[in-house]
Amino acid sequence: MMASNVLSRLLPQTGQSVYETIRQHDNDSDASDVEERAGLVYDDDVNLGNRFSDRELEEAMADATREGSSSPSDTFLTPQIAQRGERSASSGPRMRKPNNPRFMRSVTPRPEFVEDDLDDDHDDDVPASLLMEGQHDDEYLRTRLPPPPSHHFSDPQPSRSARSPRREHIRTFAFVVGFTTFLTNCIDYRLVRTSKSLDQILISKCTSRMSASSTFLLWLLCLFWIGKIFQLILDIRRLKNMHDFYHYLLGVSDAEIQTISWQEVVSRLMTLRDANPATAGAVSAFNRRLLGSQSKQRMDAHDIANRLMRKENYLIALINKDILDLTLPIPFLRNRQLFSRILEWNINLCIMDYVFNEQGQLSSRQYTPLAEWKFREFNELWHLFEKRINLSYPYATRYVDQFPKDKTVQVAGFVAFISGALASVLALASILDPELFLGFELTHDRTTLFYLGVFGSVWAFARGMVPEETLVFDPEYALLEVIQFTHYFPSHWKGKLHSDDVRREFAVLYQMKIIIFMEEILSMIFTPFILWFSLPKCSERVIDFFREFTVHVDGMGYLCSFAVFDFKKGTNVIPQGHINQRDARQDPRVDYFSTKDGKMLASYYGFLDNYGGNPRATNANKRAFHPPPTFPSLGSPPFVGASNIGNRQDPIQARVNTASAALGQQSMLGATRLGALGVGDTQSPAPSLLLDPQHQPSASGFRATNHIAPHHRQRLGRPPPAPVSESIIDDNEPSIAAARRPAPRRKSGQLHTNSGSSEALGAGDSNVEDSWGMKSGGEVNDEDAEENVDDVVGGAGVLGLIQQFQKVNKDNRPRAAVGL
């Protein structure tokens, strides 16, 4: 057996090729693929077929071949490698006998092909990126080839940049432990007053005189420190692989790693993916079937974010839906939620690790850990979230300062005046005669310099509590600026941004640092009570949550259903408005299968803000200029002022109509808590270069519907509905509005208002289809075909229609009719 094993390694393989094995495996597994028959599979090819056909993909690839375009990965290769790759690709696959045995070679040999396989595959064009995988035996490539890439590339600072902070943390930890041990056990504080040097107060052999508890704690800290060192040593190989992946495959140098954006990294990952036929998206249907087993390697910005934030998306949904009971089981603190870093670590240990396996100033404020999880959106990486939240701190501080307590300000002003006057007199006297006055004792053993420091500190503290005289009292505007960055706008805040109730609720999320620090200290005492008494009450809801909101995506595994954005249709659905708010709120299914305060829709727009457009362009999150609102024209919709909050333009409109934050709950069922949209025109999101065709936002925005579809766990994998005819409106022409006579089959007259948004053009049984009598195939109902112009315009003719327009313009009334 030993000899046969050695001979099998030395002799070339005579079996079937790799492609033949893949083809045979796919043919055998077509009828028995468990994931294809599973109800939770999210089929990307269904959405992909809606946008591109195989013929279009083949024609695009043929055009690129005729034009002689090089492989996208050539930009990441050195000139020598690129030239050798071109020669190897032009000459076609060749049978090369390995010079050395396999166990003596550092790289994997190139697989040998049988001549029949070459004739069957008809694929002689080998991309240049594949020529890097051990196909050259010269010493140059052997030294330049990187190790197999690691999947831990979420942090855009690999290798040396990643090792430096960890080394500094280990050194800092060692200094803190050693310095604390020295201060607590090696100094005799009773001799400090009578001694003149440090040697007189030091305790010799202090470690041998330590107590048993101190010695045990010191040994534990030393073992922890040694474990951190071993962990860093073991991670050096992984960090080296990460460095090689960035340097050789992505073309990111060590100097560029500090300034490159994450969007640019994702763009280069997609370029590298397209250079590999196993992961390229623009392939024919035949080749896609052959490479079907490699679907796990296909990725874009959405797939990468879902992989990196698999656990975080679940925790975001748990916090958003108020599944976790975080109240203190204490009589006088039952309504207060405690969520510290220690409790977060315990929740990850008890819930997340069980579900998943391993395959400043004294008065300054900051957001609490609970507020961070409320503000964070699905598929939002930590460095992007941290950047967004840090931009909101100046506006949050200004909003909190908008509510000064008058009595506190008066007392602080009086104290600042007294302390400032005394400090000014002492400072002036010290300047006039410093030698005499600085040594002068105002009280026993208290000189002028001591009181100068005390009064100066009191003046600075009291002066900081007094607001500036130039501060404009406008809390509503200040909070709207905060919402621009936090994207947190509960529905019950609407119309109450100036109230003290909203201020108190926001102050719970934005507390002083000293209070957050005290909560972290007290959480070591209260965390066991929450884990023992409060969280067990919601254990059934936690289990139901993971069962109901988990879907299986082909190639990525199990994900949170809210994080799997359906960029075409299905999950993000906006109704047209025949379900009023009261009926929607009374439906418990809508509340259960939905996110609160439009969390999923806000995450969708936030994801497009981060990954939309050109990653090499300027910051996509830069606040755009919004011109002042215009007066309602003849073609204005009837809900002009519906989006005003306190007689202001909603700033969330800047995020491509994120007035959905005020819509209530965005549902996985296909309905929101507020039935009517009525918040202005919704523009279609722009396509992104970092998303595949199946993840691109549709041209008409979200699909519109006026009913609640039954929820099922197979909803994401269902085939798309039949197309519905939509009216084409010219943007350069004003919309014509007139009262339409109802069809004879309707019981009562009803005016179908034009929503003026892309959501109004929908599919299914929408009111657009009913009012115009359209069927799914674009046919016109017979009973509406005989309707003449006089019935539409009321028998007045063209002149009468013009008179109606003039009357509407004169009375300054909004239109209320459908376009002809």
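Glycine residues also receive a Cβ, built from the backbone N, Cα and C atoms like all the rest.
Owing to the predicted nature of the structure, the values given are computational and were not obtained by experimental measurement.
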Check: ARG166 and GLU386 same membrane side, Swiss-Prot record:
yes
Residue list, the topological domain 'Lumenal' (193-215) vs rest of chain: Cβ under 8 Å, 6 or more residues beyond ends.
181-182, 184-187
Taking the topological domain 'Cytoplasmic' (468-513) alone, what is its mean pLDDT?
85
Hey, does the transmembrane segment (447-467) touch the transmembrane segment (411-431), meaning at least 3 C-beta pairs closer than 8 angstroms, sequence gap 6 or more?
yes
How do the residues of the topological domain 'Lumenal' (193-215) split into helix, strand and coil according to DSSP?
8 helix, 1 strand, 14 coil
